[in-house]
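J.: Following this message is one structure expressed as structure tokens.
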Amino acid sequence: MTTENTLLKNAKTVPTILLSNALSMPMIGLGTWRLNRNPTDVIYDAIDVGYRHFDCAHIYRNEAEIGKAFKDLLQKGVIKRGDIFVTSKLWNTFHEPSLVRDACETTLKNLCIDYLDNYLIHWPMAYKEGNELYPKDENNKFIASSVDYVDTWKAMEPLVDEGLCRTLGLSNFNMQQIGRILKVARIPPSNLQIECHPYLNQTDLMEFCKSYNMVVTAYSPLGSPSSPYSKPGKYPILQNPKVLEIADKYKKTAAQILIRYQIDRGNVVIPRSASKDHMLENFSLWDFSLKADDIQALNQLYFGGRYMIMADAQGHPHHPFADEF
């Protein structure tokens, strides 16, 4: 265990960014997808390191284990609810407006908290409602629902009114889809979570979000070794010669360079790690920043390389990656 003084110092060191409703969001968080050890223990270690921002989702199927740690740490007074920022996401089978509130309440029950700081529509595609999270037909093809994500958004807004969520956002939406939400939103989205790294630097989408006062959260900032799809590029990002060159220049690891790349561009970043040593490495970012020419060099690695292509849902009318952005 780190000392209490170190824990407090680490937590206080993390910069925050203001969302459109003036809610402060820590600029680094812990991704919780496909953790390769007990999620409860991962959260204990993350809190000890200093993480206070946790990115969760119903489809990760580990919110109950994460909630066990939250409940224990809150009851023991190690943290207060206001100390942590918790994001979760509405899964595709719950887009039907009548299902939205129950889905949110299930997440809250599993996480053992009374409200979410941030609740996102995980993907714009709606799947057939029911118990199967990935509903498929006899030919192993996904079964779509006809629900429009615009109607889903309208059903999410009352969650803020009722105190179940503090702010709302989107995940894996393209510009056109975001625009449709903005046209009808009583509560505009304050956050867009997207895959972002030098191979897919998302510069245009970042500028679009900035123009609408939406904060970008970068997932898979180190590439995505756990992605089930083929990996783009000649090199894994962590082994790219330019990344390694810049890491050597700053005497940092490739992972630290890639995480700092997001923060220095103004993005929140949520690297995933189940290892406490890697959590510490990923969190040790506050004694340096990247120079503009190094950020530009990383930007130039762009070739549209995407790890999370959601191949099973290709052909869905709301699949977001038919359009470039």
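Quick reminder: no glycine exception, Cβ is built from N, Cα and C everywhere.
Unlike curated records, TrEMBL annotations are generated automatically.
Straight from TrEMBL, here's the annotation block:
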- 28-301: domain 'NADP-dependent oxidoreductase' (DOMAIN)
- Y60: active site, proton donor (ACT_SITE)
- K89: site 'Lowers pKa of active site Tyr' (SITE)
- H122: substrate binding site (BINDING)
J.: Out of K89, H122, which of the recorded positions is least crowded by other Cβ atoms within 10 Å?
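T.: The recorded positions K89, H122 were compared, and H122 has the fewest Cβ atoms within 10 Å.
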J.: Take the Cβ of Y60 (active site, proton donor) and count every other Cβ within 10 Å, whichever protein chain it belongs to.
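T.: 20, counting other Cβ atoms within 10 Å of Y60 (active site, proton donor).
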J.: Average the per-residue pLDDT over the domain 'NADP-dependent oxidoreductase' (28-301) and send me the rounded value.
T.: 96
J.: About how far apart, in whole Å, are the alpha carbons (Cα) of K89 (site 'Lowers pKa of active site Tyr') and H122 (substrate binding site)?
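T.: Between the Cα atoms of K89 (site 'Lowers pKa of active site Tyr') and H122 (substrate binding site), the distance comes to 5 Å.
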J.: For Y60 (active site, proton donor) and the residue listed as 'substrate binding site', what Cα-Cα distance in Å is obtained after rounding to a whole number?
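T.: That separation, Cα to Cα, works out to 11 Å.
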